[in-house]
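What TrEMBL says about this protein:
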- C26-C149: disulfide bond (DISULFID)
- C63-C69: disulfide bond (DISULFID)
- 27-169: domain 'Peptidoglycan recognition protein family' (DOMAIN)
- 38-175: domain 'N-acetylmuramoyl-L-alanine amidase' (DOMAIN)
- 1-21: signal peptide (SIGNAL)
Amino acid sequence: MCKIIANVLLILLPLLAIASSDESDCPTIKLKRQWGGHPSPEISYRPIPVKYVVIHHTVTPECDTFPTCAELLQNMQNYHMQDLKYDDIGYNFLIASDGTVYEGTGWLIIGAHTYGYNTNGTGIAFIGDYTAKLPSAAALTSAKKLLSCGVKTGNLQENYELLGGRQAFPTLSPGITLYNEIQQWDHWIPNPQP
């Protein structure tokens, strides 16, 4: 019974925070059902607010229209679930070149984006390869708005710590150009300790 109450509170508290916050600070988020995502066969909730935000890139083609992005995300979710055996798409959120934010597992559900940071971290992936260039200004702005929204809605700690995927495990993510950019953002930390 206590576990049921705890799970209900995990769902209701962020909704109450959203209702009382200024949603103009939040970017538009396309829900998973809107882009044609499959429901997860197993859902594991996590306690909020979380301490970490991990930035990635998808190393896929970029997308800047809803139909193109929806198809790309459906294919990515299928790859994550069928080939990698994840319960869902790995990222909590993904950001397109036009600045649209797409829900992956969202704020409340554990993702599979960064070993050691999945339960207490939100994984945000920029759709594309950002080794040699930055994401669009619209995408960068949406990411910053998403982070601000996460704090205001109680999903991220006010003193959250930001890192690139490469700081947590051997990967080139989020691409060297984007990695250099996020080092200038508020909350970036040089030496994360999960």
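Here, residue 1 is simply the first one shown, and the rest follow in order.
Cβ coordinates are placed from backbone N, Cα and C, and glycine is handled just like the others.
Nobody curates TrEMBL annotations by hand; they come from automatic prediction.
Keep in mind that what you see is a predicted model, and the values were worked out from it rather than measured.
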The domain 'N-acetylmuramoyl-L-alanine amidase' (38-175) resolves under DSSP into 37 helix, 31 strand, 70 coil
Starting from the Cβ of C149 (disulfide bond), draw a 10 Å sphere and report how many other Cβ atoms land inside it. 23
Can you work out the mean pLDDT of the predicted model over the domain 'N-acetylmuramoyl-L-alanine amidase' (38-175)? 97
Counting Cβ atoms within 10 Å of each candidate's own Cβ, which of the disulfide-bonded residues C26, C69 comes out highest? C69
